[in-house]
Amino acid sequence: MALPISKVDFLIFMCLIGLGSAQLSSNFYATKCPNALSTIKSAVNSAVAKEARMGASLLRLHFHDCFVQGCDASVLLDDTSNFTGEKTAGPNANSIRGFEVIDTIKSQVESLCPGVVSCADILAVAARDSVVALGGASWNVLLGRRDSTTASLSSANSDLPAPFFNLSGLISAFSNKGFTTKELVTLSGAHTIGQAQCTAFRTRIYNESNIDPTYAKSLQANCPSVGGDTNLSPFDVTTPNKFDNAYYINLRNKKGLLHSDQQLFNGVSTDSQVTAYSNNAATFNTDFGNAMIKMGNLSPLTGTSGQIRTNCRKTN
């Protein structure tokens, strides 16, 4: 008996939307480049050992890549006389970093397996390995992404959430990429590591009331009302170089660094999820890994789409 046409259409639709992620596999390089993952891990561990902040920087690179036209390494492309990349976008300029580490990794895997391992996959694996290097839990990275030949400055300016966003803006930015409000709270936990520049939180520490006064004053010492724009302060004041659930504990104590951080715990719908994670690190770790897998599945180029760049900074 034939299915009603509506059900047939639905089944076809479900097959199509699953096609992209179905082509990604955790063992994609098992035979093509068996030492790729260990090479990436070693390079990340070395970079993070030299500078703990680099772990957060590599994690952020993957996020800023995936939120702009999918996980395709477009964020790594340099501007040229006839090509405009995403590095000069407002959320990226003088902010995202770690490109040299990615260059090093790419050079190493190219020497092992020329033209096999994509820059997009390097970003995904480096993000996971950075979290692990700083004490966080691991997750199963799906692989097989290819690299874009295009970038979108306009999308980088419009799609990435800003530090001054209210909760509604954050929910919208993440919803536009298919994430639930819970997953917004989960992925925001990446701010348990890393640092932000004074310009990102100056307004908060001088003008907002939902901030611990002692915490605000300590930040003001390093972030004057005028000047010191690039001075850095850690997102997590308690364990800045450890990937844990302290970010959520800090939010409950009104010690969120950015306006957008504290928006997650401010007498709003997300308060309960922040509280849950502050009380259960294991749940946070599990949810974070699952959310990262989902993020890594944002519009990947697979099969014959895109290319495998030889140099992550430019197209072949």
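Placed from the backbone N, Cα and C atoms, the Cβ positions cover glycine too.
Listed features, source Swiss-Prot:
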- 1-22: signal peptide (SIGNAL)
- Gln23: pyrrolidone carboxylic acid (MOD_RES)
- Cys33-Cys113: disulfide bond (DISULFID)
- Arg60: site 'Transition state stabilizer' (SITE)
- His64: active site, proton acceptor (ACT_SITE)
- Asp65, Val68, Gly70, Asp72, Ser74: Ca(2+) 1 binding site (BINDING)
- Cys66-Cys71: disulfide bond (DISULFID)
- Asn82: N-linked glycosylation site (CARBOHYD)
- Cys119-Cys312: disulfide bond (DISULFID)
- Asn166: N-linked glycosylation site (CARBOHYD)
- His191: heme b binding site (BINDING)
- Thr192, Asp236, Thr239, Lys242, Asp244: Ca(2+) 2 binding site (BINDING)
- Cys198-Cys223: disulfide bond (DISULFID)
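Most other Cβ atoms within 10 A: among the recorded positions Gln23, Ser74, Asn82, Asn166, Thr239, that distinction falls to Ser74. The most densely surrounded of the disulfide-bonded residues Cys113, Cys312, judged by C-beta neighbours within 10 angstroms, is Cys312. Following the DSSP three-state reduction, the secondary structure of Asp244 (Ca(2+) 2 binding site) is coil. Across the structure, Ser74 (Ca(2+) 1 binding site) and Cys66 (disulfide bond) are spaced 9 Å apart at their Cα atoms. Here the candidates are the recorded positions Cys33, His64, Cys66, Asp72, Cys223. The one whose C-alpha lies nearest to that of Thr192 (Ca(2+) 2 binding site) is His64. Same-chain residues that are not part of Thr192, Asp236, Thr239, Lys242, Asp244 yet have a Cβ within 8 Å of the Cβ center of the Ca(2+) 2 site turn out to be Leu134, Gly135, Ile193, Thr238, Pro240, Asn241, Phe243, Asn245, Ala246, Tyr247. Listed in sequence order, the residues of the same chain lying 6 or more apart from Asp236 (Ca(2+) 2 binding site) and placing their CB within less than 8 Å of its CB are His191, Thr192, Ile193, Lys242, Ala246, Tyr247, Asn250. Residue with the densest Cβ environment among the binding-site residues Asp65, His191: Asp65, by other Cβ atoms within 10 Å.
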